[in-house]
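A short worksheet on the structure shown next.
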Amino acid sequence: MNGLAPSGRMRFIAVAAILCVGYFCPTAFAHPRGEWTKLIVTRHWPQTFCSTEQCTTNLSYWTLHGLWPNTGMRCNTSWHFNASLIEDLIPEMEKYWPDLLAPSSPKFWQYEWIKHGTCAAKADSLNSQHKYFSKALELNLKYDLNSVLKNNKIIPSEEYYTLDQVETAITSFFGVKPKIQCVHPGKGGQVQTLGQIELCVDRDFQLIDCEKSTKEIWSNAIPEVLVGGQSDLSVCDHSMPVYYPPVPSRS
């Protein structure tokens, strides 16, 4: 058998673990599950999120939920989040990637970095916190979901849409298939609520089709702590009307 004997392997892992401190970790140790092949640029609709959580917001645009590689989670938990490394990005982060539950806290970004960023960092193009978060912000603006929906007259309202209308608007503009997720109604419900839209990119950050299967690891990567009330958020049903909730009016 090639390679180190079992005892030798254990000594190697122990040494690697000691080295894996601060912002450095040997690649083989930090990313045991291999390289990712695509990233998911995930946006969620704030009004839907806050309809199931203890939060309120007047945001009227889709915000970033995360930038998720399709393989691995929490690849290097010793690579701690450090907000000072993205200090120049904070104003943009607060606008486009806000924590809807705790707007003044960096906990959401910390969570995304540990769970997804440390895995995305397998690629040289994303191998620092600054690279990871700035690339997510860049892709969010480059693939502007808000304008595409608005230009196709799909706007938040009390009217219902079909899933085909939403999907066609996105596919026609970007030329790829998105993954669209809804909060499904309870027993006997007739309408699903638009909640989350994913666009996928390859390692060169070019758009590719998203898979609709729930088998891939990123498909169920909705933070349990942050989205507990959206446990039934899943791929939208083509046979059911879609509700795109507006910003509540303030009297």
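Residue numbers in this text run from 1 along the chain shown.
Glycine residues also receive a Cβ, built from the backbone N, Cα and C atoms like all the rest.
Unlike curated entries, TrEMBL annotations are predicted automatically.
As recorded in TrEMBL, the features of this protein are as follows:
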type	residues	note
ACT_SITE	His65	active site
ACT_SITE	Glu112	active site
ACT_SITE	His116	active site
SIGNAL	1-30	signal peptide
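Here Glu112 (active site) comes close to Gly66, Leu67: these same-chain residues lie at least six apart in sequence, with C-beta atoms under 8 angstroms from its C-beta. In sequence order, Thr42, Arg43, His44, Gln196 are the residues of the chain that are 6 or more apart from His65 (active site) and have a CB within less than 8 Å of its CB.
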